[in-house]
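**Student:** As annotated by TrEMBL, transmembrane segment applies to 25-48, 69-95, 107-124, 136-155, 161-188, 208-228, 234-253.
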Amino acid sequence: MLVALLAPACSPALGGVLVQTLAGDGFFFATLPVAALAFVLAGLWLRNEKPQQTLTRRLLHLPLLRDPLLRFSMLVYLCVPGTFIGVNVMGMFYLQSIARLTPAETGALNASLVTGLFCGHHGNGGRYFNHTGPRALIVLGCLLQAIGMGLLIGIGPDTPFTLPVLAFTLMGAGGSLCSSTAQSSAFLTIPHDAMPDASALWNLNRQLSFFLGALVLAALLSLAQRYLPPLTAWHGIFLFAAGVTLLPLLAVIRLNNAKVLRQLQQENV
């Protein structure tokens with residue numbers, strides 16, 4: 001997990017410094033060596049892969065969505081990590097155009113974001129998840145991310161840098177807590193032979209979450225700016241995103257947390 005977080009922690013900060021120091025299109029050329037290295041490494045990895053012939057009779061097994069826990073986990077991923085990605089992408093433009101942060105400062109915020117992601121992932125260790133079940137962790141994650149998004153409204157040109165650091169840390173912690181909890185819960189009640197089909201549904205929903213989060217928020221911002229002052233439109237988008245983040249709280253009330261805990265106890269026996 002720590003290795004996976006190094007890239008999102010370091011690359012935005014380094015990119016912000018490069019944007020400020022390199023003139024013209026130099027920033028784009030600076031990424032070519034890294035892209036070429038990734039291309040070569042991917043080619044070497046694929047060369048050793050042996051194709052496996054598998055027969056599939058269906059593309060998606062939609063009846064699996066009748067499983068309450070899988071359906072709930074997919075809803076959480078749509079509303080929390082999906083909205084998190086949208087706000088993270090849109091927030092970069094807000095911080096530079098409205099709050100007047102430099103590209104280097106904006107990129108450096110991802111270090112606090114990744115710190116929150118790491119804390120949220122660590123907080124959903126097996127010990128906590130097995131003791132409390134998904135309900136308490138989902139509630140806490142939704143609240144943390146919604147508070148972080150709400151704090152973005154208070155960020156302006158004269159705001160201390162600690163406020164955006166706090167906002168991004170809370171968003172990272174809440175989003176990571178919800179995503180890891182949802183992923184831990186999604187397949188608990190899925191039969192073993194249906195796991196490949198369930199995994200396909202999960203991965204499709206995961207990609208759709210990231211795509212829709214940025215798309216919906218960008219479309220709403222564009223629409224809002226036609227009728228509202230820019231600052232008001234931005235604040236409305238952050239409030240809307242915080243509201244969407246809290247939607248899983250309506251579904252978590254119906255979640256049978258005791259049944260999930262019994263399932264976890266049976267698996268750990």
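Cβ atoms are placed via backbone N, Cα and C, with glycine included.
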**Student:** Check the transmembrane segment (136-155) against each of 69-95, 161-188, 208-228 and return whichever range has the most CB pairs under 8 Å.
**Tutor:** 161-188
**Student:** Should anything in the same chain at least six residues away from the transmembrane segment (208-228) have a Cβ under 8 Å from its Cβ atoms, list it; otherwise answer none.
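**Tutor:** Same-chain residues near the transmembrane segment (208-228) but 6 or more away: 77-78, 81-87, 89-90, 234, 236-237, 240-241.
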